[in-house]
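Quick look at what TrEMBL annotates:
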TRANSMEM  A:45-67  transmembrane segment
TRANSMEM  A:74-93  transmembrane segment
TRANSMEM  A:99-119  transmembrane segment
TRANSMEM  A:126-144  transmembrane segment
TRANSMEM  A:205-223  transmembrane segment
TRANSMEM  A:254-272  transmembrane segment
TRANSMEM  A:278-297  transmembrane segment
TRANSMEM  A:326-347  transmembrane segment
Amino acid sequence: MSKIKSALAAMPKPVKIALWVLLALLAYALPLLEPPFITTPGVDFGGVLFVVTMYMLVALGLNIVVGYAGLLDLGYVGFYAIGAYTVAILTSFHANWPLLLALPVAIVATTISGVLLGAPTLRVRGDYLAIVTLGFGEIIRLVAVNTEWLGERKGISNIARPPSIGGTEGVFEIPHLNWDSGVPLLDFNDSTKFLVFGVLDQIPYYWMGLTVVIVVLFADYLIKNSRVGRAWEATREDEDAAELMGVPTFRFKLLAFATGAFIGGLAGALYASRQNFINPDSFLLLFSILFLAAVVVGGQGNRWGVLVGAALVAYLPQRFREFDDFRVLVFGLALVVLAVLRPEGLFPPKRTVRAKQLEHELDELEEGTDSEGEEKARA
Amino acid sequence: MPDAHILEVDQLTLRFGGLTALDNVSFDIKEGEILGLIGPNGAGKTTCFNAITGVYKPTSGTISFRGESLAGKKRFEITQSGIARTFQNIRLFPTMTALENVLVGADAQHSTGILSALFRLPKHRREEEAGHRRAMELLRFMGLHTKADELAANLSYGDQRRLEIARAMATNPKLICLDEPAAGFNPQEKRVLMDLIRKVRDQGFTVLLIEHDMRLVMGVTDRIVVLEFGKKIAEGTPAEIRDNPAVIAAYLGVEEEDAS
């Protein structure tokens, strides 16, 4: 594993970029390839993949709050719900806005709710914060259940879908692969219209979700490698020491909460748009737990880890649907096994490996040049 | 101005319930000097530090830094205004690298927010570059530059102590408060540290030093303030302190022990 990593690190930049692009293309093409074993029997594969991207998005957002800033948030589904309900109200229930107009409003509303929740509650630490956020998630759901203006238990239907490109027929059609005969064949009877957001074909939603995930992933990288990311980490490690080193910890905790809420709201809004229908049961406490499970399973603090965690948490129960109710049991068992074997998650942030590598490189540079060497290695 | 006071502690009193940790303590620190704060265990040295850096709010009395009262300032604001400290028990950010630890300190004088980080605005680039340059400079000064990418938790004890000083210096303070920086060092390491503290001062920092080891304190400080049971019992040059009967009594005990 580490050999592969160092081999990858040694590659020239264009090759690396090409590899990344290839990986992304593969991810985009996944529902078209319909590879055997991976596709989900009995459920629409594109739809499952869309849900996977939503979990990924949520996990990235929650990772900022839990993984980077170290704030245990058990009510993250509340932000998801606020994003979804804002879109639902603006595009169907009380107004008739197009999705692209409602989406930014939903994100802003969720971010503000994150600040409103955080401002009073971030003064408490650890377990207390977990309890307060747990309450928040439930309150949002109960408000939705009991408010006529929010559709009560009936929920809200006819939520706007994303605008299609090229009318109802799309610009062009992409055939899927068919593996029935053992070899992959192009199946022209089964094709996806580019880019039609309809009822039956879920693949365009997946593409939309995946695109948003990639953008958020990139943003996450940029923010993490900056003063903001360092302040979050320092606050997580030792809040008092951070404060005494000049980090306005409260402000940065609030920022982490708002950023997490931003991403959670975005995911909720996209989810509502695909689902076309939401009711309070879409935002049970269970989902907060699952989101957190995705982050913890993957390895909190590692953005690639939480992506894998999200993919597993969203995908495995769908893949093994034939087990019926047992799949939840199996899923629970898997989590317990994981907690025992890899308590820090599948992919904990591997900083020691990088640290060792760089130390080695520095030593080599030290021998050659005098003091300019490590400066260059840093740049 | 040779006698410019950088920090003035005036009749500082701190009570925790019935316990008086600091009782009417007054002293000041001149710009560019190394002031030693000594006293037996529990004399209130660290409490005094905590009051200066904003961890405790004084019960009465004032602390002013460069002519400005520190009352009501938040801890991070005090740091940003130019007072940095280290901790008696090492409190680095263990899962961050040595370089990142120092960068957190350097960030105290920066203002990059989420937007300039996200869009890599010129401010982010400028501050990131300046911060890295300063951090590497300080790591080299402390002899830690080859360990820049080592996790702080993996550093040796002595390196962690030095890293704490580097992190404090990175906040670009006027006054740097060292809380027993030589704790756990052997005599040889203490001597090296003494030279280092002098070099820190020569770089233009004013140093407030808490230390147990009398020899270290006598060797490196310009002036010394002695606390005992929360009260200031003496103040003066190392030579004056050495011959002060009250100090000798505090450290060696009084008649009863002579008798035994």
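Even glycines carry a Cβ here, placed using N, Cα and C.
Curation plays no part in TrEMBL annotations; they are all automatic predictions.
Fair warning: this is a prediction, and the values are worked out from it, not measured in the lab.
Most Cβ pairs within less than 8 Å of the transmembrane segment (A:326-347), among stretches A:126-144, A:205-223, A:254-272, A:278-297, belong to A:278-297.
Listed stretches A:45-67, A:99-119, A:205-223 were compared with the transmembrane segment (A:254-272); the greatest number of C-beta pairs under 8 angstroms is found for A:99-119. The stretch with the most CB contacts under 8 Å to the transmembrane segment (A:205-223), chosen from A:45-67, A:99-119, A:278-297, is A:45-67. Nonlocal intrachain contacts for the transmembrane segment (A:278-297), taken as residues 6+ away from its ends with a CB within less than 8 angstroms of a stretch CB, comprise 55, 58-59, 62-63, 66-67, 73-78, 80-81, 84-85, 88, 134, 137-138, 140-142, 144-145, 151, 153-156, 159, 271-272, 306, 309-310, 312-314, 335, 338, 345-346.
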